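J.: Submitted below is the structure of interest, expressed as structure tokens.
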């Protein structure tokens with residue numbers, strides 16, 4: 001046992017380490033959580049033994065069938081992308097559970113004591129032998145069985161909490177059923193602003209300039225996850241959009257490798273513009289990129305549309321019409 005003074009000092013040091021480490025992870029807002037869960041569902045439900053049944057379970061916050069590898073890997077995917085599980089450490093991160101609650105507690109219907117219990121439960125799980133889907137799932141299943149309501153609450157899984165957050169943040173966050181592009185346009189080219197006159201050309205792939213355009217491209221590239229929060233390029237995310245419209249991403253990937261190597265900018269907005277120019281200026285890539293970019297605008301309205309059957313099979317002409325309709329609104 002620690003003597004009282006040493007115990008207090010040790011507790012202070014541990015608390016300080018937790019505080020120091022906290023900024024390395026950012027709590028997740030409803031928009032981020034919707035993106036994470038929908039993306040993990042897209043990746044894993046087709047691999048389930050009964051895809052339709054598994055998807056319905058996951059949409060209802062039920063991690064079933066528990067013996068299906070797809071369910072196990074979906075769970076691991078969500079936990080890793082949120083940050084509640086760190087594969088490199090093979091550990092669950094209880095401190096992040098509390099950080100999630102502390103960041104958003106005024107919106108959440110979650111009791112602090114229950115959140116504290118969940119935090120402690122995570123922290124008491126020893127490092128796993130591996131970060132396999134089955135091992136992560138088995139460890140989490142025991143926690144979820146006892147704390148499922150609290151987990152759902154801190155992850156904005158109850159409608160009223162996310163509704164309050166969206167209402168308070170307004171134009172500062174992409175709203176449900178709002179395309180990511182229109183969100184960024186409302187922030188950077190709002191109606192009545194002097195720069196609004198530039199928006200129509202930008203929507204039609206004319207290159208903008210200045211700090212407003214830089215902020216706009218940063219908003220879009222980070223919102224689409226083409227760039228990470230640390231300003232790193234995620235070329236696989238761009239490739240994913242190419243594949244969805246049945247375009248091969250190989251030429252784009254090779255070109256973007258060179259583009260990244262030539263990057264000299266440090267400012268996030270300038271970095272986004274640099275990457276955008278590369279995609280627009282390469283004659284072998286630009287037409288496919290525009291097609292992929294247009295469809296991503298349409299799909300960004302509802303992250304769950306492809307999962308719930310609301311998204312029609314891809315048709316270039318249908319997408320072009322939808323984008324033209326948006327242009328009419330934004331160019332007026």
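Backbone N, Cα and C define each Cβ position, glycine as well.
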J.: Which of these, 203, 240, does Swiss-Prot say binds noradrenaline at the same site as 185, 216, 294, 297?
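T.: For the noradrenaline site that includes 185, 216, 294, 297, Swiss-Prot also lists 203.
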J.: For the leukotriene E4 binding site, please report the maximum Cα-Cα distance among 61, 157, 176 in Å.
T.: 19
J.: So which of the disulfide-bonded residues is most packed in, judged by how many other Cβ atoms lie within 10 Å of its Cβ, out of 40, 200, 331?
T.: 40
J.: Nearest by CA distance to residue 203 (noradrenaline binding site): which of the recorded positions is it, out of 40, 73, 157, 259?
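T.: Closest by Cα: 259.
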